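Chemist: Straight out of TrEMBL:
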{"type": "TRANSMEM", "residues": "A:12-32", "note": "transmembrane segment"}
{"type": "TRANSMEM", "residues": "A:61-84", "note": "transmembrane segment"}
{"type": "TRANSMEM", "residues": "A:96-116", "note": "transmembrane segment"}
{"type": "TRANSMEM", "residues": "A:136-158", "note": "transmembrane segment"}
{"type": "TRANSMEM", "residues": "A:187-209", "note": "transmembrane segment"}
{"type": "TRANSMEM", "residues": "A:239-258", "note": "transmembrane segment"}
{"type": "TRANSMEM", "residues": "A:264-283", "note": "transmembrane segment"}
Amino acid sequence: MDLFFQQVLNGLTLGSIYGLVALGLTLVYGILHVPNFAHGAIYMVGAYVSYLTMVDLGYNYWVAMACAAAAVAALSVLCERLVFNPLRDAPPIHDKIAAIGIMMFLEAAVQMQWGAEFRRMPTPYTDIFNIAGLTIPAQRVLIIMGAFSLMAVLHLFLKKTMTGATIVAMAQNREGAFLVGIDANRVAMMTFAISGALAAVGATLFAPINLVYPSMGHLLIMKAFVIIILGGMGSIPGAIVGGLIIGFTEAFGGFYISTDYKDIIAFALLVVILSVKPTGLFTKGVR
Amino acid sequence: MTSNTTIKGLFRRLACAGAIALAAGQALANETLNIGFTGPLSGGAALYGENTLHGLQMAADEINDNGGFAVGNETYDIKIVSLDDKYSPSLAAVNGKRLVQQYRTPVIFTPHSGGTFALQAFNERDNFLLMSYTSVPTVTEKGNKLTVRIPPTFTGYLKPFTKIAMDRFGKKLGIANATHDYAKYWTKTFVPVWEAAGGTVVADNPMDYNKSADFYTGVSKVLAAKPDVLFIGGASEPTGLVARQARELGFKGGFVIMDQAKIGEMAKVAGGLKALEGSVGVVPLVDYHTPGSDAFVAKYEKANDGAAPTSEVAFNYFGLYATVAAMQAAGSVDDAGKIRAAMAKGLTTLSAEHNPYGVETIDDKGGMVVDPNIAVVENGKIKIESLSEVMAD
């Protein structure tokens, strides 16, 4: 039974990080209407900013997280202004190519500046709780709590504030949003900023139990794509539920069937869900 | 159109001047000898590839700074031509063709077995010497006449690793190493040795070290079978992470570490040598303490802000010096057959500081011969034993 609950914990840890990254991806999808392939690289930059603020500048974990969120939000806005905004009237394929270009640029730039080596980010929360045979490292608790509270805050922001409502309106119907006088530029920049900040916080939460290196984004971005397809492109509950589904599938599939096959299990599940509900679990008006 | 012709004329004159300057420069300077390299310089294995390339570059820079090397009446400077193959054998083959045809490289270095096998398909026909940095024994056992395997094969480690781990911790082995070809090959050769010594394999659960976001699931699956010893290994840092998570999940036994991972680098990630108590693996060069290794380590640390050299750097550094020594012994820089044949003779002329691992000679098939040391972590410290000593007990 211990082992079962251990897998529940693993599934929650993975699922909450996947969900957080997928959330950023799904939000930007509402603006771009194409998946932002650069999101994984943005996540990676977030991890590097936190790492450097903590290790090289010696600030504490939370300051580093805030710095990373701010820096990456700025970087995302910059991408929007310099790349995606000028392309807003171009065919969607241009956005895709531009996103891939940004991804390659960021990875190459980081590798050139800081090298390809693996780095380990320290965390102040190194305690390991052992409760009834269950191993619970403090950092993992932090990941789960941090991710879920961030999701809750985001939900409240989108549903309860006027600024949040403009983002939702824009994602649901672009022309309609223009007609009621929503400033598209402002909303686009804000969405990119939120998406970048989410990725940076996710990276800072997750990096201490993993490693920091230039291609670290690939791992999560593949999963995040699966998640937003699974949950429905542009759907926020879809990203969260999708993240948890993939997280639990990996944990339980990996444990009870085979670690080698955990990705296959996740993709098989995707096929099953899409054949039952081709638009994803939670799709609304957004295409 | 007059302006156009003047510009054209200007270009022509400039080009002429440039060509003359170039020709004059060449007459005074050494000949340039291109040496090829194909390895992973981007993607997950980029660090590994860069380290191997760094070793070659370091040796080349030293040789060039000392005025090049003489073969016959000519003096040569070395230029390393490096191409990225992203760890893919097919790209390595494409790069190999390009290096030979475009850059006329008589020697090509590659740091992976897949690339080696791909290049072996045409190296004898295209007449280039393949310097392979991999410890997979089959790269030299297939009878390719122009292949040199730079490090010792890993098969020598299997018995002593088994003996040390089994004596201290017990006979139940859990397999949790990586899933790439090299790791699979290790598992396939290691398991029979472990079983022949009376051990059993209680869990077999390799994990993709490069594509897993987290190892908790995989590691807890292996630990559920209650192994005494875990067999782990892939790139050093993820391997350290696997060891760390195994300890977090309550594992008290020992680790047998595949030779790709280095204990010193693992310790940084795993949380110090204490977490690796009871590990057996290959020795970090900094702990060798032979005259050759000390000289090399000191030189490397001075040039790299105190960073310790990895075995990738050291073996490839040695590999280039060995190649140059062989060229000098053969009296040829482009006849791959002659260079290969003169390799043993060349090795005898190599000075200790260019041979940090103390490679003694090369066997008929092209494998470098060395009595490697192995590292055991005991009471939070690395203890060094040579292979021959362990087996003599």
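Backbone N, Cα and C atoms are what each Cβ position is placed from, and that goes for glycine too.
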Chemist: Please report, as numbers and ranges, the same-chain residues at least 6 past the borders of the transmembrane segment (A:239-258) whose CB is under 8 Å from any CB of it.
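Modeler: Same-chain residues near the transmembrane segment (A:239-258) but 6 or more away: 3, 7-8, 10-23, 25-26, 151, 223, 226-228, 230-231, 265-266, 269, 280-282.
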Chemist: Report, as numbers and ranges, every residue of the chain located at least six residues beyond the transmembrane segment (A:12-32) whose Cβ falls under 8 Å of a Cβ in that stretch; write 'none' if there are none.
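Modeler: Those are 39-40, 42-43, 84, 95, 140, 143-144, 146-148, 150-151, 154, 167-168, 170-172, 187-188, 191-192, 194-196, 198-199, 201-202, 205-206, 209, 220-221, 223-225, 227-228, 231, 233-236, 238-240, 242-248, 250-251, 286, in sequence order.
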Chemist: Other than its close neighbours in sequence, what residues sit by the transmembrane segment (A:264-283), given a CB gap under 8 Å and a spacing of at least six beyond its ends?
Modeler: 223, 226, 228-235, 237-238, 241-242, 245-246, 249-250, 253, 257
